[in-house]
């Protein structure tokens with residue numbers, strides 16, 4: 001790589017070293033995709049996150065290969081778009097690849113490869129195209145019943161179990177409905193590992209910032225206030241994701257102003273509150289109890305992912321034919337009663 005500087009220091013004091021990122025990219029050479037194999041003609045935008053735009057593209061086969069072109073999803077990161085130095089883009093891509101490329105599981109989005117310009121100012125992360133989109137979009141466009149929602153909950157939990165079972169364990173760091181996709185087989189898969197890290201590497205060799213990064217609405221109190229993300233902070237966020245899947249509501253859905261949101265999540269006793277205080281109604285009480293445990297303010301009081309899997313199995317085995325269930329989509333169409341878990 002050709003860099004404008006060997007090292008840089010970000011505004012919050014994080015030092016980025018060229019030698020570190022060069023070593024990582026050398027290890028990922030087998031995943032490299034030449035930029036000219038990605039064709040964006042007529043590309044469709046699939047979404048935009050805090051540090052990248054996702055678009056469709058055609059991945060052409062290697063010259064002389066009998067393979068056919070395939071449609072893929074490409075996360076595009078450009079230094080100019082985000083007003084950051086090129087070395088920071090390279091760090092960001094390397095960090096995501098370290099975690100994502102090592103994950104091979106039916107409920108984890110497959111990593112196809114990457115492309116990076118010679119100066120690191122532009123990068124692409126390539127994955128299969130999931131036509132149904134994210135689970136928030138899918139649930140808003142389809143009338144999804146209780147059993148399918150519980151299957152989605154199970155899928156996300158199995159994906160999280162895989163991450164937390166790795167050696168060393170992986171913290172996802174940004175669990176929310178926008179980072180869960182629904183594949184053609186109607187299975188949920190976790191995606192976006194831009195804020196993920198292994199528990200072995202909590203000093204964050206590839207960190208690009210020292211301050212908070214993430215989605216506050218889904219964050220645990222310790223992650224939001226102390227920037228302390230770990231396996232138990234993932235459990236809090238997973239509970240918020242379950243709330244979205246089951247009700248179509250975001251956590252703290254009634255709070256629109258971010259300062260108020262931060263106060264409700266990370267404030268002291270009497271100011272803070274759970275992501276959804278009205279866990280009521282007519283479907284599995286076991287799931288209600290599990291969510292309350294996921295939202296314990298003391299991280300050590302939250303269940304680990306293995307306990308969640310055990311409880312979830314029990315919930316689903318007793319959930320068939322739950323009386324009075326009305327899906328959030330059906331409720332909206334009928335103007336019917338409000339359903340909260």
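Numbering starts at 1 and runs along the chain as displayed.
In case you wondered, yes, glycine gets a Cβ from its N, Cα and C as well.
Some features that TrEMBL has for this protein:
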- 40-316: domain 'Protein kinase' (DOMAIN)
- 75: ATP binding site (BINDING)
- 174: active site, proton acceptor (ACT_SITE)
- 179, 192: Mg(2+) binding site (BINDING)
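For residue 179 (Mg(2+) binding site), the Cβ neighbour count at a 10 Å cut-off comes to 26, with all displayed protein chains included.
Closest in space to residue 75 (ATP binding site), of the recorded positions given as 174, 179, 192, is 192, taking the CA atom of each residue. Taking only the Cα positions, the spacing between residue 174 (active site, proton acceptor) and residue 192 (Mg(2+) binding site) is 8 angstrom. If you draw a 10 Å sphere around the CB of residue 192 (Mg(2+) binding site), it holds 27 other CB atoms from the protein chains shown.
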